[in-house]
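Please read the structure below before turning to the comments.
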Amino acid sequence: MFVDQVKISLKAGDGGNGITAYRREKYVPFGGPAGGDGGKGASVVFEVDEGLRTLLDFRYQRHFKASKGENGQSSNMHGKNAEDLVLKVPPGTIIKNVETDEVLADLVEDGQRAVVAKGGRGGRGNSRFATPRNPAPDFSEKGEPGEELDVSLELKLLADVGLVGFPSVGKSTLLSIVSKAKPKIGAYHFTTIKPNLGVVSTPDQRSFVMADLPGLIEGASDGVGLGHQFLRHVERTKVIVHMIDMSGSEGREPIEDYKVINQELAAYEQRLEDRPQIVVANKMDLPESQDNLILFKEEIGEDVPVIPVSTITRDNIDQLLYAIADKLEEYKDVDFTVEEEESVGINRVLYKHTPSQDKFTISRDDDGAYVVSGNAIERMFKMTDFNSDPAVRRFARQMRSMGIDDALRERGCKNGDIVRILGGEFEFVE
């Protein structure tokens, strides 16, 4: 089964909690704080495995949760960092944020990695908060929660050759006779609804990967007939083999088929118009094909080579394979994938600058309570142990230093009013 698109949920590991502890050795006077930091939570990492060809592994498991960091220990011992959760994907996988549709990573090369959900840092033990004014702090920090997000995985085939054309022109039949692939073949449209890959060897021992892509129809570039799902696989092929039913047995004119498919390719991605293309005139064993081929060549001109074949009698198949191998040899040093990525401004792995997170916003709930939100304050809230009075006092000091108290006063907050941060409620005290 070929799976080329799937949505999954990721949860990176939370950081381990720091602890509150003190030195109690017999001969160490004024032992002081000895609480260790928590370990780092595991990140969710995607890695390319060239042995994979589909996203089938993600079809049956859609939720992935990485491990939590180990809590800190006494004697200033740091908790163990959790090992990253590594998910293997095939070459050509694009990872997008479902909520924003932002491309997070474009993984092409074997062994290439991308951290998509970052693990939380470990909370600090009470040793970290010791100061001359407070040499024995009796509070510590909870671990930072790991990132959580939904992503979509899209696989663009990394085939050398892509077979394109209208439904029922013989693409699957060709792939089945030149490789060991066993695509579904039937006398009806859209027998192929998922791409099929096959390794092809020519009589002179050259080889390449060929993809049989589902049939295109007019309007495919606008998404008609699942066109977007099919066309995205063409983008990474080096050579397009454009197959045409020269017999006109489906009631279509061969020249119109040729024009429509090329228009759809260009409309979807302008660069596909300049991609090396080999035109294959199939079904030459049928009576009308010879006359149609003459008219077809007159219409498109001598600049476009046409190779007549019959996938039923297998006439001229070897000549077609030689032509494909020659064309691949001619363009072997051209990397169409890189050009496309640069043209749309996509980095293979997205590394973003994280701006200052000190900004916050204040709003009002229907019951009149003040709601404070912002990355920094919410992060501090999650890492504060509210069962510890000293930790609560530290949280209050942090709010003051960020200017939240002054901002609440400016919004009209008075003594005794309710202030909410995430799921917590506080009473504003002057």
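A Cβ is built for glycine as well, from the same backbone N, Cα and C atoms used for every other residue.
In this view, Lys283 (GTP binding site) is surrounded by 24 other Cβ atoms within 10 Å of its Cβ, with every protein chain counted. Positions annotated as GTP binding site by Swiss-Prot: 165-172, 190-194, 212-215, 282-285, 310-312.
According to Swiss-Prot, the Mg(2+) binding site annotation covers Ser172, Thr192, on the basis of sequence analysis.
Confidence in the domain 'Obg' (1-158), given as mean pLDDT, stands at 90. Look at Swiss-Prot and you will find 1-158 tagged as domain 'Obg', backed by sequence analysis.
Feature annotation from Swiss-Prot assigns domain 'OBG-type G' to 159-329.
What Swiss-Prot lists as domain 'OCT' is 352-430.
Residues or ranges marked as region 'Disordered' in Swiss-Prot: 118-145. Within the chain carrying the region 'Disordered' (118-145), a Cβ under 8 angstroms from the stretch's Cβ atoms is held by residues 12-22, 32-43, 66, 68-69, 71-72, 76, 78-79, 81-82, 84, 379, 382-385, 388, 390-391, 394, all 6 or more beyond its ends.
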Tell me, how many other CB atoms lie within 10 A of the CB of Ser310 (GTP binding site), whichever protein chain they belong to?
-> 20
Including all protein chains shown, what's the count of other C-beta atoms within 10 A of the C-beta of Ser168 (GTP binding site)?
-> 20
